[in-house]
Amino acid sequence: MGKKGKVGKSRRDKFYHLAKETGYRSRSAFKLIQLNRRFQFLQKARALLDLCAAPGGWLQVAAKFMPVSSLIVGVDLVPIKPLPNVVTLQQDITTERCRQALRKELKTWKVDVVLNDGAPNVGASWVHDAYSQAHLTLMALRLACDFLARGGSFITKVFRSRDYQPLLWIFQQLFRRVQATKPQASRHESAEIFVVCQGFLAPDKVDSKFFDPKFAFKEVEVQAKTVTELVTKKKPKAEGYAEGDLTLYHRTSVTDFLRAANPVDFLSKASEIMVDDEELAQHPATTEDIRVCCQDIRVLGRKELRSLLNWRTKLRRYVAKKLKEQAKALDISLSSGEEDEGDEEDSTAGTTKQPSKEEEEEEEEEQLNQTLAEMKAQEVAELKRKKKKLLREQRKQRERVELKMDLPGVSIADEGETGMFSLSTIRGHQLLEEVTQGDMSAADTFLSDLPRDDIYVSDVEDDGDDTSLDSDLDPEELAGVRGHQGLRDQKRMRLTEVQDDKEEEEEENPLLVPLEEKAVLQEEQANLWFSKGSFAGIEDDADEALEISQAQLLFENRRKGRQQQQKQQLPQTPPSCLKTEIMSPLYQDEAPKGTEASSGTEAATGLEGEEKDGISDSDSSTSSEEEESWEPLRGKKRSRGPKSDDDGFEIVPIEDPAKHRILDPEGLALGAVIASSKKAKRDLIDNSFNRYTFNEDEGELPEWFVQEEKQHRIRQLPVGKKEVEHYRKRWREINARPIKKVAEAKARKKRRMLKRLEQTRKKAEAVVNTVDISEREKVAQLRSLYKKAGLGKEKRHVTYVVAKKGVGRKVRRPAGVRGHFKVVDSRMKKDQRAQQRKEQKKKHKRK
């Protein structure tokens, strides 16, 4: 049985995600955006009526693209969530009550645009759903005819069905232009199309049958025509030959061909062209191919006919040039004074001037035709150029839409530290004089939208946070950061100096006036500083004093308890042994650190002072012998257990407090076995005595021997792999958790990013609402805002590969490494760290 796919997720295309990102309530908003981009009906509209408007995506688009003071009304069966500057009604568009509510809301107004994106509840048969949608469209058209102004537009959704053509015919009776289109945002598998009707005729009276679905969608039966009706009764007029033309073969001369007004018509009637003029026959243009073509014109093709027309043009130019030369020669002969010859030449010139004038007229006509042809060619080239430009703009627009650059609501980030139109960029009177024009109301609006409660203490703290963030996120440099915690205190001490410098800079600007007094501003800055997360764990002074007193009391109780314990052990240990124990460097080295070590030392010294009087000088030899017996014990570990000297006294060292030991997964598994069963614990202890155990110190055996023994002489633990893997998995989960400093650093980074994003959003809204600049400038400014706020493209992930010796400069891609990688070595790392240290020193010197 086949598995049914998820229908809902497949419908979440790019327009669905774009609607989520840009804040539109439905993906159908992009359909209206694309329709308006093509037909431009929202920019000029002052009143709009949206039928079946829920959930309000088309109302959002209309409010964005229409003028600010426009009237927008939305109607639907279900309630619509309120929108700014939009009136919503919950009515049924097929009832008279809805018409009355609209009249009450619009009063005497006529709307310029009526939108209809309604569709009935589908689920029945396709024929029934299509008819219901066509009926709903007809009702929407009825409301549009009641409230639409002359020349208005009606945009509606229609399903492709058998009722589509009747609807289209009704639209054409009421509007000048009716166009059907399918925007890109409409799904290809959907049967919906959008009809844009422009130029409402506003007739004085509309026939009510137009809005009656029984009449509008009535099927017209076309009567079938009979065979006799299909046969034409009128006899066509007989077409014969021209009057007086008794032959089909027409022979003409080349002179007639040159004098013909329409050479194409001449060639269609001629059968042969005779080259009877010897001078024209000897012309270079009269080739052998031309002679052959002139013999039988009826069999020529397009190429040969074009060659004959070109041949005619060349001969006409040759004849015109020859006639001009003859005319000039006649003028010269007339000016020579030979009257007799002049009379004769006049007669000849009279006969030749007439053809020369005719040739000039023909030449002028030819030049005129050539000029017209050139003008047509220029017009065609201009149209092609405009078409290419339009196609290029459309392609760029599609690319911008695909890249989410030309969508409403998409804002990028900051252009500067103080905003786009802030007065802090003007320093001095010289720059003030340059600002001669500007929209001061827009600037005041922008400044009023800026947050006044956000106070920045200093940029030094932000730099310090960035440094600590980098160190927190880099585990290798955690130790270095802990050693340089004093730098933060120094930066905080310099905070007041930096703020004083900033106040001096602000006082230099004559255009900026502080809104609050200096004392109030300093108090707010101090409160903001101590409200940071780093001071959240600090309590009041009273709680701190109480905590310190409790710690001191606990310390005194522990010291007294240790002194009493030493006094109880004192009778079991001779004074000489106690003295030796106190003076021995072995126990001084092995004493625990911290408060316990100090308390133990103080207790021992106190006991030594009390027993000092009871020790006589006669015991000096005994003490010297005891010191000699203690010499072999110096430098050895206390873990070897208690030792006995020659006199038989047992020396009991001070026991170390139990050290906290972190168990590995095998140790945790063994601990679980020990804690769960006494028998398993007993067996485990018995099995610990085996031939694999040895008690030699690490220094007594060679290192290679110890390594080999660890590898080959290991007894298997009495725990299963599943238990060990369980604790190993728990360790991995614990290690995967970030430490507290890393978590705090990430939280600080996220908080700063959100704050930066909020500031960027406000500045971007101010840029979008500015009327004085073009859309292209707005996009450029928004892009720069994104770039400066660091909200643009993410940084490319680079994989670092450690270079090996002897490989050379060219390194192939290692196995398992994808994307961009960089080859590094230890020398490069040291050089980079040295460079960073130098830069840090330079920064400290500047401060």
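Cβ atoms here come from the backbone N, Cα and C positions, even for glycine.
Among the candidates Asp112, Asp117, the one that Swiss-Prot lists alongside Gly56, Trp58, Asp76, Asp92 as binding S-adenosyl-L-methionine is Asp117. Checking Lys678, Lys750, Lys822 against Swiss-Prot, you find SUMO2 cross-link recorded for Lys678. Per Swiss-Prot, the range carrying the annotation coiled coil out of 154-192, 232-270, 271-309, 739-777 is 739-777. Per Swiss-Prot, the listed range annotated as coiled coil is 355-407 (candidates: 355-407, 567-619).
Looking up Ser28, Ser69, Ser676 in Swiss-Prot shows the phosphoserine annotation sitting on Ser676. Feature annotation from Swiss-Prot across Lys643, Lys841 places SUMO2 cross-link at Lys643. Swiss-Prot gives the label SUMO2 cross-link to one of Lys659, Lys778, Lys788, namely Lys659.
The Cβ of Lys157 (active site, proton acceptor) has Asn116, Asp117, Gly118, Ala119, Gln133, Thr137, Glu192, Ile193, Phe194, Val195 as same-chain neighbours under 8 Å, each 6 or more residues away in sequence.
For the modified residues shown (Arg392, Arg783), fewest C-beta neighbours within 10 angstroms: Arg392. Assigned with DSSP, the residues of the compositional bias 'Acidic residues' (358-367) fall into helix, strand and coil as follows: 10 helix, 0 strand, 0 coil. Packing against the compositional bias 'Acidic residues' (358-367) from elsewhere in the chain are residues 316, 319-320, 323-324: each is 6 or more residues past its ends and has a CB under 8 Å from a CB in it. In this view, Asp76 (S-adenosyl-L-methionine binding site) is surrounded by 20 other Cβ atoms within 10 Å of its Cβ, with every protein chain counted. The record assigns Gly56, Trp58, Asp76, Asp92, Asp117 to the S-adenosyl-L-methionine binding site, and the maximum Cα to Cα distance across that set is 18 Å. The binding-site residues under consideration are Trp58, Asp92, Asp117. Their Cβ neighbour counts within 10 Å are lowest for Asp92. DSSP assigns Asp117 (S-adenosyl-L-methionine binding site) to coil, not to a helix or a strand.
Arg392 (citrulline) has Gly56 as its nearest neighbour among the binding-site residues Gly56, Asp76, Asp92, going by CA to CA distance. Put simply, Trp58 (S-adenosyl-L-methionine binding site) is 27 Å from Arg783 (citrulline) when counted between their Cα atoms.
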